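Pasting the relevant annotations from Swiss-Prot:
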type	residues	note
SITE	K81	site 'Interaction with DNA'
SITE	R131	site 'Interaction with DNA'
BINDING	D212, E240, K242	Mg(2+) binding site
Amino acid sequence: MNTQKPFENHLKSVDDLKTTYEEYRAGFIAFALEKNKRSTPYIERARALKVAASVAKTPKDLLYLEDIQDALLYASGISDKAKKFLTEDDKKESINNLIENFLEPAGEEFIDELIFRYLLFQGDSLGGTMRNIAGALAQQKLTRAIISALDIANIPYKWLDSRDKKYTNWMDKPEDDYELETFAKGISWTINGKHRTLMYNITVPLVKKNVDICLFNCEPEIYTPQKVHQQPEKYLLLGELKGGIDPAGADEHWKTANTALTRIRNKFSEKGLSPKTIFIGAAIEHSMAEEIWDQLQSGSLTNSANLTKTEQVGSLCRWIINI
């Protein structure tokens, strides 16, 4: 009888969990490349604004260019979300403040000052987007690893597009699965006659919290109609996924994830259930690695992997598809 624990396929010691300097460096570079890629639309909008605003001879002339009024409002510090709460008079006042306090004092350089202020607030918007992007990239990496494991095992799968908000249109594996991971909300497969459906970012009623990864014992077609996420006995696995690569925030991310996983175990235990729990993280520092290792040894945490280590992620995904 095989008594080997699932994590022992890819973790031999606590040190295997830790993120190395080289892995941090690669993670930061990948994040910087993604940030550069995502900044392109912001820069192009600023260039378009400069062209449109260049017909103005004075800052006040900008008020008569109707097609740039939203951009002027943005440059004044009013976000798209905030402007919904403002009257037309409020908007005009904000734009006038921009002109009188910043553009007019800039003299002949008022166009450059406008573009600078526009980009300043666009940068805030990009920063907010990038804070969410680490989690999205982590999910994409995990998804690609799961479908690769399914492909290697020659197991057909279906996938759910996150843009389908009804969560009912499960599609067969496409011939060309390029960038499928970008939009996958869920993946489903059958192994040894057992139906498995994995979903991302689901609010689990039993714990009243959002959980990053949930694996269900059900066919994909019944997941939404039968509200499977409301049936505790259908949960096979729940997991936390932390894609942030900054070591300074690693311990805090683990504390948040650990609290969530403990709550999950407690709530399911109250129902006499014990689904598997996993933790996957990109930034794993020494102290948290020891805590994770202790939980793996005791069995409170079923499996874990460092997201920056391809072999670990691959091994974990191979285990997931065989549950």
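Here the Cβ of each residue, glycine as well, is placed from N, Cα and C on the backbone.
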If the Mg(2+) site is taken as the center of the Cβ atoms of D212, E240, K242, which further residues of that chain fall within 8 Å of it by their Cβ?
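So the additional residues around the site are A138, I213, G239, L241, H253, A257, A260, F279, I280, G281.
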Measuring Cα to Cα, how many angstrom lie between K81 (site 'Interaction with DNA') and K242 (Mg(2+) binding site)?
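Rounded to the nearest whole number, the Cα-Cα distance is 28 Å.
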Taking every protein chain in this structure into account, which of the recorded positions K81, R131, K242 has the most other Cβ atoms within 10 Å of its Cβ?
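Answer returned by the neighbour count: K242.
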What kind of secondary structure is K242 (Mg(2+) binding site) part of, going by DSSP in three states?
strand
Non-local Cβ contacts of D212 (Mg(2+) binding site) (under 8 Å, 6 or more apart, same chain)?
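Result: G135, Q139, Y200, N201, G239, E240, L241.
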Could you tally the C-beta atoms, other than its own, that fall within 10 angstroms of the C-beta of E240 (Mg(2+) binding site)?
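For E240 (Mg(2+) binding site), the 10 Å Cβ neighbour count is 22.
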Round to a whole number and give the Cα-to-Cα distance in Å for the pair K242 (Mg(2+) binding site) and R131 (site 'Interaction with DNA').
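With distance taken Cα to Cα, R131 (site 'Interaction with DNA') is 12 Å from K242 (Mg(2+) binding site).
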